[in-house]
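Novice: First the structure, which I've put down as structure tokens, then a few questions once you've had a look.
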Number of protein chains: 2
Amino acid sequence: MKFTSKIFNSHPSSDGDFFLGMKKILGFKPKNLEIYKKAFLHRSVNKKDADGNPMNYERLEFLGDSMLGTIISKHLYNEVPEGDEGYLTKMRSKVVSRKHLNELGKDLGLLRFVESRIPKTHFGENIHGNVFEALIGAIYLDRGYAYCEKFINERVIEPYVDIEQLEGKVISYKSLVIEWCQKQKTPFSYNVYEDTGNDELKHFAVKLTIGGRILAKARATSKKKAEEKASKRAYFALQNRMENQ
Amino acid sequence: MKFTSKIFNSHPSSDGDFFLGMKKILGFKPKNLEIYKKAFLHRSVNKKDADGNPMNYERLEFLGDSMLGTIISKHLYNEVPEGDEGYLTKMRSKVVSRKHLNELGKDLGLLRFVESRIPKTHFGENIHGNVFEALIGAIYLDRGYAYCEKFINERVIEPYVDIEQLEGKVISYKSLVIEWCQKQKTPFSYNVYEDTGNDELKHFAVKLTIGGRILAKARATSKKKAEEKASKRAYFALQNRMENQ
């Protein structure tokens, strides 16, 4: 496959735009913007630093992957006092699975910051998770451990880490709602839109319409979480009907 | 294999002794001593907390393993700007190898703190590395990231992480010295003793005697490091003779 030397998906035109974009995603101000730029630099750009070392996000991804694992480990350690080492290892690998990280990167829309000579459409799914990890590596170098922990709490743990769901004890409310609608042959739709309002963090809002009526609304820091919240509300509203089927 | 219900290798008789022992190893004062006690509790003791959850070092080992990996990753990231992700991964796995961690735990004499129903002599080598990792987990919970980083810098990185040696570019000076002595049929001995002096951290001193003369002395935070330092000094003292062989 041959690519032109054109750079695709380049950073927002100015440092100011990139700074604002980062600030919105991070929930705080980046100090050293250069580190964050590196987190979105694909190897195809073939950039080198002043000493001739290749510059791309892969080294930051290595660092971020490790830090993410550590903070998830600490969370699980504190949240599940009854879980042994094997349990903690298994749960951590669910949280940091490739699939899950790709979802996280996609929800944050990180691809738009990626600088590359490969057209966006040629990337596989993993680019989303890779730059998400690289972004954590950048936070670690720029602002240290405490900011990483805060970011991971807000962006990974709060919206995604539901231990009961990870254990498979509770299947998702969204699937319960969809199943019900399909059985009832009732049309339904989830309308998701960005609704950040005055928050520093990006937020998503969802309207769940069932049988032509808006049955629930919800707002959260990820699409999935917002949908799940709305579904849970709708589920309880429908519960009597569902149980009497 | 059957064991009596006697508890072997129990903690130093009083909390005060345990506190002092920890303080010497850590280089700072532990706040919550109970967490450190857990780091030395073998599952054979079969202890449970107030909620009936098993208490032993295995969960702390999980946590410490992850934190150790993260801090080594950051060190390698900063020290080797030319190394790509694959190189960093390989170097990290050398530093945190089971063999290496066992050595670290042994040098610190951690086994004497282990509480277990299994006699000391029945443990394999891995107990040393396991409680070393658990100890890092305990520091993380008790004092947070910055203390972990300081401890790992002093106890792992400074005494052990020589990137050129890890890469195999420089073999150890100790082996150069031993080789020379054997060729020359000259007797040699390394005399290692604990010499902590006024330092908070445990230190080791070494006298290297070659052909009846004390050729070099050195002092460091691990036996291996002290021997290597002394060997390096002796090596340069002997260099002319070695090169003219």
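Placed from the backbone N, Cα and C atoms, the Cβ positions cover glycine too.
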Novice: Let me know which member of B:Glu58, B:Glu61, B:Glu227 TrEMBL also records as binding Mg(2+) at the site of B:Asn130, B:Glu133.
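Specialist: Same Mg(2+) site in TrEMBL: B:Glu61.
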Novice: Roughly how many Å lie between the Cα atoms of B:Asn130 (Mg(2+) binding site) and B:Asp65 (active site), rounded to a whole value?
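Specialist: Their Cα atoms are separated by 9 Å.
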Novice: Taking only the Cα atoms, work out how far B:Asp65 (active site) lies from B:Glu133 (active site), in Å, as a whole number.
Specialist: 5
Novice: Can you tell me the CA-to-CA distance separating B:Glu133 (active site) and B:Glu61 (Mg(2+) binding site), as a whole number of Å?
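Specialist: That comes out at 5 Å between the alpha carbons.
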Novice: Given the recorded positions B:Glu61, B:Asn130, B:Glu133, which pass a C-beta cutoff of under 8 Å against chain A? Sequence order please.
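Specialist: Going by the Cβ criterion (under 8 Å to chain A), the qualifying recorded positions are B:Glu61.
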Novice: According to DSSP, does B:Glu61 (Mg(2+) binding site) fall in a helix, a strand, or coil?
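Specialist: Note: B:Glu61 (Mg(2+) binding site) is helical by DSSP.
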Novice: Taking only same-chain residues 6+ apart in sequence, whose CB is under 8 Å from that of B:Glu61 (Mg(2+) binding site), what do you get?
Specialist: B:Asn130, B:Val131, B:Glu133, B:Ala134, B:Gly137
Novice: Mean pLDDT, the domain 'RNase III' (B:19-144)?
Specialist: 93
